[in-house]
């Protein structure tokens, strides 16, 4: 029989605390996207300052991107495990504080010589990645465990959608700061004022402010009732914690005095028994996240082509160049990225996770094939409205699709004592895919040696290969991913049913009908 406090969470009406939790949990994702999307204009400034007006070498840019993503992999694994071992709340503030201090550290970057600045920036970006990685499994798990089952998907998607606002805020801050310094300096196109070295540092440090403002509220959040009741086996404390945040009295959610919680099955993590029950779910989550991040983070393939076409043709000074790069990012975010996130928020609990993920992979593949197959014959010389439409639709369906659902599903499938760990593993596989997409495909996409890049397989082959990755993601989703819509977390984890039995049940029954548990 379900605990009263968990039943109360599953059936609770949507209320103020849910929206407060979305903002608090979403700030880590906000900071993640702020950091990722402020780097292109910042690299323009660093090139002007430390490379005598030339572009930053590709190997430096690739290293900066890879260091942050490598830190994210480590953070997801470490903090994900800690979230299950010592509690979500106890490590939640630590991840946020690491992000705040690392963002400030990125801005200081100690000195002013090129080598020292780049080494320092790379170090702090790695630490920032660790903090961001730690926030992923904790934010998703906390939101899933606080949400009701009717709108759980929308709440977790809303947390993830904070990335879109992070992109927009990053671009806005960059444009405002660059415009202020440009007007104050009256710099010519051939001149890069000394103050430009302050601009990129200021942009990076401002990213710490929104996250820092939520630190107090993170510390005031109670531990989730599911962790307290199911992992720590303290049902009374879980009821007391939920009384503080939900509009419900303790008498309604407290158990009878003689109630003794059933201890969870004793098999350890990654044991044979764990793999028998949950191995297929872990594979489906990890593989889908890996595949979508390979494609999503390869969007930088088109950056130089888009900048060449849409940046003003006149000579620009350092501030103006960074301003226009940020402006293009803001336009893409408003037109495709943010709408994609919020389409998922609206539809996720109406049509389900699996259908949205399959659909997203499919339309991403169509967009990539439409750009890639005729790329050399047409798109290479015609970065027109048609190109931008296909580029924007690929972004839209990644967010109204697997980029969002891969964040949601791992927070719903696994038992409470493994939930944060499994989400961290799934996300770590995703960020390995991100390294391949953002670094590997960036170098592979060149037909010949140019601008510091070695010869690769070319843009057409790269795009067609990425389209094939989307098709593979669509197939693995259909074959291995279970639908979680409309079920409580305890029904989804199904400790008494094997994963293969559950896949059979969810494939051939309506997603709103609860599968009957059978003896293991």
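Just so you know, the numbers here start at 1 and follow the chain as drawn.
Even glycines carry a Cβ here, placed using N, Cα and C.
TrEMBL does not curate its annotations; it predicts them automatically.
Taken from TrEMBL, the feature transmembrane segment covers 21-43 (among others).
When averaged over the domain 'Major facilitator superfamily (MFS) profile' (21-485), pLDDT in the model lands at 88. Marked as domain 'Major facilitator superfamily (MFS) profile' by TrEMBL: 21-485.
Same-chain neighbours of the transmembrane segment (59-79): 35-36, 39, 43, 91, 94-95, 118, 121-122, 125-138, 297, 420, 423-425, 427-428, 431-432, 434-435, 438-439, 442-443, 452, counting only residues six or more beyond its ends whose CB sits under 8 Å from a CB of the stretch. The feature transmembrane segment is assigned by TrEMBL to 59-79 (among others).
Residues annotated as transmembrane segment in TrEMBL: 91-110 (among others). Beyond the ends of the transmembrane segment (91-110), by six or more residues, the same chain brings 27-28, 31, 35, 75, 79, 82-83, 116-117, 120-121, 123-125, 127-128, 130-132, 134-135, 138, 142, 201-205, 207-208, 211-212, 214-215, 218-219, 221 to within a C-beta distance below 8 angstroms of the stretch.
Summarising the annotation, TrEMBL assigns transmembrane segment to 122-142 (among others).
Marked as transmembrane segment by TrEMBL: 154-178 (among others). Residues of the same chain lying 6 or more positions beyond the ends of the transmembrane segment (154-178) and with a Cβ under 8 Å from any Cβ of it are 18, 21-23, 25-27, 29-38, 41-42, 139-140, 143-144, 146-147, 199, 202-203, 206-207, 210, 319-320, 322-323, 325-327, 329-330, 333-334, 337-338, 340-342, 344-346, 348-349, 399, 404, 407-408, 411.
What TrEMBL records for 198-217 (among others) is transmembrane segment. Tertiary neighbourhood of the transmembrane segment (198-217): same-chain residues 20, 23-24, 27-28, 30-31, 34-35, 38, 41-42, 45-46, 49, 93, 96-97, 99-101, 103-104, 106-109, 169-170, 173-174, 177-178, 181, 319, 322, selected by CB-CB distance under 8 Å and a gap of 6+ residues from either end.
Among the features that TrEMBL reports, transmembrane segment is placed at 360-379 (among others). A Cβ distance under 8 Å defines the sequence-distant neighbours of the transmembrane segment (360-379), meaning residues of its chain 6+ beyond its ends; these are 291-292, 295, 387, 390-391, 393-394, 397-398, 400-403, 405, 458-460, 462-464, 466-468, 470-471, 473-474, 477.
Beyond its flanks by at least six residues, the transmembrane segment (385-409) meets 136, 140, 144, 153, 156-157, 160-161, 164, 284-285, 288-289, 291-293, 295-296, 299, 302, 306, 332, 335-337, 339-341, 343-344, 347-348, 353, 356-357, 359-361, 363-364, 367-368, 370-371, 379, 426-427, 430, 473, 477, 481, 484 of its own chain at Cβ-Cβ distances under 8 Å. As annotated by TrEMBL, transmembrane segment applies to 385-409 (among others).
According to TrEMBL, the feature transmembrane segment maps to 421-444 (among others).
Residues annotated as transmembrane segment in TrEMBL: 456-480 (among others).
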Within-chain partners of the transmembrane segment (21-43) [C-beta distance under 8 Å, separation at least 6 from its ends]: 56, 61, 64-65, 68, 95-96, 99, 103, 125, 128, 131-132, 135-136, 138-140, 142-143, 146, 155, 158-167, 169-171, 173-174, 178, 200, 203-204, 207-208, 210-211, 213-214, 217-218, 221, 300, 303, 321-323, 325-326, 329, 333
